[in-house]
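*Asks:* Take this structure, written in structure tokens, and hold onto it; I'll ask about it next.
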Amino acid sequence: MVDGTTSDDSGIFIHYTTKPLSKQAGVILLGTAGYIPPMATEHMDTLCDIQEEKVIHPFAYRTHTHSLGRMVSGYRIRKDDAGADQWTLLGKRDPLTPQMFYPVESREPIRKSDRLAARCTMESNRTRITKIGATNEDEMCNFYLMYYVENDEPLQMKYCFSNGPPLFRWSNRETELNHIPDYESSHL
């Protein structure tokens, strides 16, 4: 206005406390190295063992690939008393949809000895090998899990990467995985 007054209410209000809060949030990134062969569909798998004496409560996830990604899924794996892996879906989506955090499918706590796994399904119509890297000519396979802890510190482990294809797959004997949800982890 000419007289210097305004009706602008833009801005932010910051609320804070000096009292420690009972919950703290953290993020763990699951990702892969590896490459995608030309003219092929490739599954890029990663697997992490939770080794810290903490209980984490997942509440959101985010997926990320470049242009070849078709689906990214993330799971919590827990062995039952018979030794069977119970795969609990944390989230899955087309990574080419808006890249933001979405609510998890299961808010069941994750504990020591549980495992986290992620899979990116990639479809290449390129006539060359596509490697993992930072540019759009490369690819990425990332699954981010946001969680909180109660009266504790977040995990020291901030990320977990596998070698990816062709060296690492969920089906490799050394993973000792069973009941792998191959179809469900690769399709919406």
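Heads up, residue numbers simply count up from 1 along the chain you see.
Each Cβ is built from the backbone N, Cα and C atoms, and glycine gets one as well.
For 23-172, the entry in TrEMBL reads domain 'Copper type II ascorbate-dependent monooxygenase C-terminal'. Annotation comment: TrEMBL describes Cys48-Cys160, Cys120-Cys141 as disulfide bond. Here TrEMBL flags His64, His66, Met140 as Cu(2+) binding site.
Thinking about packing and proximity, how do these listed features fit into the structure?
*Replies:* In sequence order, Ile28, Leu30, Arg115, Leu116, Ala117, Met157, Cys160 make up the list of same-chain residues 6 or more apart from Cys48 (disulfide bond) whose Cβ falls under 8 Å from its Cβ.
Counted within 10 Å of its Cβ, the other Cβ atoms near His66 (Cu(2+) binding site) come to 19, all protein chains included.
Listed in sequence order, Thr32, His43, Met44, Thr63, Thr65, Gly69, Met71, Val72, Pro95, Cys141, Asn142, Phe143 are the same-chain residues six or more apart from Cys120 (disulfide bond) with CB atoms under 8 A from its CB.
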*Asks:* Write out, in the order they occur in the sequence, the residues of the chain not among His64, His66, Met140 that have a C-beta within 8 Å of the mean position of the C-beta atoms of the recorded Cu(2+) site.
*Replies:* Thr65, Gly69, Pro95, Glu139, Cys141, Asn142
*Asks:* Among Met140, Cys141, Cys160, all listed as recorded positions, which has the most CB atoms within 10 Å of its CB?
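*Replies:* Output for this query is Cys141.
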*Asks:* Going by DSSP assignments with H, G and I as helix and E and B as strand, what are the residue counts for the domain 'Copper type II ascorbate-dependent monooxygenase C-terminal' (23-172)?
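*Replies:* Secondary-structure breakdown of the domain 'Copper type II ascorbate-dependent monooxygenase C-terminal' (23-172): 0 helix, 81 strand, 69 coil.
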